[in-house]
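Q: Pasting a structure here, questions to come.
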Amino acid sequence: MRKDVVLLVGGAQGSGLETTMQVLAPAYASLGYGVLANREYFSNIVGRHSYIHIRVSSSGEARPLYYPADFLGAMDAETVFTHWDDIGEGAFLLYDLGTARMRLQQIASMEPDLRSRLMQQYREAGIEPFTVEKVVEYLEREKRVRVIGLSFTALFDVLIKKHGLSRAQAQRFRSSILIGAIAGLTSLDREALDLGLQRRFGSRPKVLEINRDFIASVADEVEKEYGAQLKLEPAEPKSGEYVVASGNDVVAMGKVVGGVRYQAYYPITPASDESVLLEEFEGLKIDGESLGSIAILQTEDEIAAVSSVIGAALTGARASTATSGPGFSLMVEALGWAGKNDVPMVITYYQRGGPSTGLPTRGSQSDLLFSLFASHGEFPRIILSSGDHLEAFYDAIEAYNLAERFQMPVIHLLDKFLANMVASVPFPDWKAIKIDRGKTLFKAPTGPFKRFPRDQPLADRPVLGSGAITWYTGDENDEYGHIDEDPVNRLVMYERRWKKMEIADREIPEDFRVKYYGDEDAEVLLVGWGSVKIPALEAIERLREMGVNAAYLHLRMLSPLPKRRVSEVLSRFDADRVIAVEANYLGQASKIVTMETGFMFRKYILKWTGRPVYLHELVEGVLDIVRNGRDKVVLSYGK
Amino acid sequence: MASYRTEVWSDWCPGCGDFGILAAMQKAFAELNLDPAQTVVVSGIGCSSKTPHFINVNGVHTIHGRGIAFATGIKLANPQLKVIVNGGDGDLLGIGVAHFVALGRRNLDVTVLIHNNKVYGLTKGQASPTLRRGEKVKSLPVPNLQDAVNPIALAIASGYTFVARAYSLWVDHLKEILKAAINHKGSAVIDVLQPCVTYNDIYTAEFYKDRLYKLEDDPSWDPIVRDPSEDEEKKAAAIKKAEEWGTRIPVGVFYVNPLKDTYEERLAQRNPSYSIDNPPALQPISREDGSPIVGPDEFRKIFKRFIVNVKKL
Ligand SMILES: Cc1ncc(C[n+]2csc(CCOP(=O)(O)OP(=O)(O)O)c2C)c(N)n1
Ligand code: SF4
């Protein structure tokens, strides 16, 4: 029995991979296992290679992904060709016998770069001709991979006969073959599996029934033939109930709890799923009763989205938008207006691979400096970045609180990795959740109101319609919000805005903004932010087992950076033992730390391939720096 | 009656047509007895967009071209507010044209005033989107090579349900149209011909003096859609009328369709929790003790399809 199992399932985009994840993740979670699943895909709707990488952990926690995988389920030949070296000694490979004769050269959807790289590797390994069969033989022979060759056609024939389906209809059950095999190999409890199926197909009883039947037959056969070789130890659940959801989903849920009343967006990957989900819940209905309503607007562009969000925020509604790099680029001018006018507005920013449209469906952490410096002039803003799903949930709520309390825009940074990863998230702790509306006034004295009193950085904020009359302008303003270019007024108003930042820095607890994980007397310190937290936390455990006592410093608030605390931690480490770990080229967070604390980083582990930082490569990277004295390790694992 | 004037000095050039628009707004607001606290004037950037500072109601002076977009959020989050947008023709039909079109598509209950001076005033007289091809106003070194957009035709094509033209120096006429526009339920736009005395030496008060005539003086002109079946015909007639630009230039109401539902109504129809009486902006989001109204039980119910109970083994 195993503590963890790592599964890889691949196929053409649109061929049912998502289903595999949607069925398996709740199924394992219902048994108390921790699940983390990442989805990798091209910017394409149907046809390009896509895959899901899942780790199921008996620890009960959603734990980081690593390679090699224990199981590769291939829906098509391209998956076998592509992922042949992603599985380890003795792993299982399931493939369609019908693809055995396919040649690498025939895979039109494969990018030429990968194809030629694979040819080179196959040649070196003595795999010729480049057929699925030869690759499979090689794996069996050289890596003792256990091969489950199934004739998909024969399986579909049975389906066709039994349920009177057409061939095209039967082929839609392709993902069931993979689900069945995984269920068999891991001896997945059938009731749990059924729960997963109910969730996915509950609304379509006929489809549910066929799936159930088909999956059970594949599972039984695989279990009988190969044994439950990937069976997991019983789980140690970390929660009596899990929320099984993607990063997009948990942020939408956090917004609902946080009281979102207005969200505007323009479609962009990987952000729009969040708004689409919110739209589904716009009525906030429970048993027919409504708790309120969320106005959600799909706008003509991102400029309109953010501008309308600012307008909504002025009326007192908790208002936000969700976007990615290209969209945020368009929002920048309005961001400055919000910063200038003390507007509590939230931008949820899912970073993806740039520059330009770069890698539209892949992840990165390369927009931190952009979000910190975006827009002209100088004005305060809060930048919050979540490290995992649970943090993302709490941060979605806290973003509104901080925005209203400190009267400035909040940028909530996430990345595509988190956005698209599905995790079993422990049920949140409601005791930790508070709504803080700061000095927002819904009823105010009538007549012209000094919205911007010179001696009060955080002033009362009567909303539009509260009774007060207020003015706002993008120009420098007087206490009422009217244009005022007087140099002394300018001096005072400019400073007034920045004083809010000082107050925020003083009042937001440091232990919320930065967190240290590991032994106090660790000798190596990893410094990271965002979803780097996921691999980093387990990396320090593994490193300790290998004799390297490492700790992790997680930066959750990048503006205002808790510089006193960060400096204090950094000062305890030899500079050669401090490693910035980031999914970008420049080490952007390290630059901010240097700017704020003066600490000069010397060691970097960086990745910018658009794929997540995997646990195994992070551990290797740290060892390379610690043992071999390397200054910079560039990670590149993943297809 | 509330005073709709502020103490702020209007820094427009002496003689600027914007003064007439401001006066018409102040008079219309007074005659409609608008509650200053429940009224919001939103603008973009330009000479014309300084208007909110001179009116004693809430004023939101935003960024170039985005007044409508800001107004959209204000109105949707709190549909109880009266929202009026001011902008130049450069602001609304150049940089902001996507929002101008989008507002029509939505028919949100917002009124838009275009200060149409056919130039970019505040940046010193460059050609705006309503200046016709071949025209060379004072500060252009060479004649304009781009065709003009017709605001009336564009508004009708975009879906506005109240479309009018007025002249900024005919303050009372503009005031009456503005009152009708504000009372109209749906997106309303008034293209206000506004002489820029500093940069536009073609479209001067002199130019307009003998050319303008009022549509309402033509007894056969009826811009109102009284039955959905008339809509197409009335739109076509209005667009045709809007093309009239020469020795005679019509001002007045071109097209009104009171039958089309507004965006707020469409939203309420799809989502009955959305109502004008209980606007999103004013709904409670927390309980007395600061805990969110969506507590763990509400959360479990709303998001039940994401929640997995761990089986007791
Ligand atoms: C994004 C952006 N681009 C350019 C400008 C410069 N700008 C200020 S006012 C203006 C033109 C205003 O012309 P119009 O909208 O016709 O209004 P008017 O001044 O004529 O009333 C421009 C282009 C700006 N403020 N913002
Ligand atoms: S430049 Fe033209 S539009 Fe601007 S204030 Fe002067 S006259 Fe009016």
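Placement of Cβ uses the backbone N, Cα and C atoms for every residue, glycine included.
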Q: Look up motif 'YPITP motif' in Swiss-Prot and report which of A:266-270, A:466-470, A:516-520, A:616-620 it refers to.
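A: Within the set A:266-270, A:466-470, A:516-520, A:616-620, Swiss-Prot attaches motif 'YPITP motif' to A:266-270.
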Q: Near A:Arg352 (substrate binding site), which residues of its chain come within a Cβ-Cβ distance under 8 Å, counting only those 6 or more away in sequence?
A: A:Thr269, A:Pro270, A:Ser324, A:Gly325, A:Gly358, A:Leu359, A:Pro360, A:Thr361, A:Arg362, A:Gly363, A:Ser364, A:Asp415, A:Lys416
Q: Which of the three DSSP states, helix, strand or coil, fits A:Arg352 (substrate binding site)?
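A: DSSP call for A:Arg352 (substrate binding site): strand.
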Q: So, in DSSP terms, is A:Thr269 (substrate binding site) helix, strand, or coil?
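A: For A:Thr269 (substrate binding site) - judged by DSSP and reduced to three states - the answer is coil.
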Q: A:Thr269 (substrate binding site) has how many other Cβ neighbours within 10 Å of its own Cβ?
A: 18
Q: When the pLDDT values for the motif 'YPITP motif' (A:266-270) are averaged, what is the result?
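A: Within the motif 'YPITP motif' (A:266-270), the model's average pLDDT equals 97.
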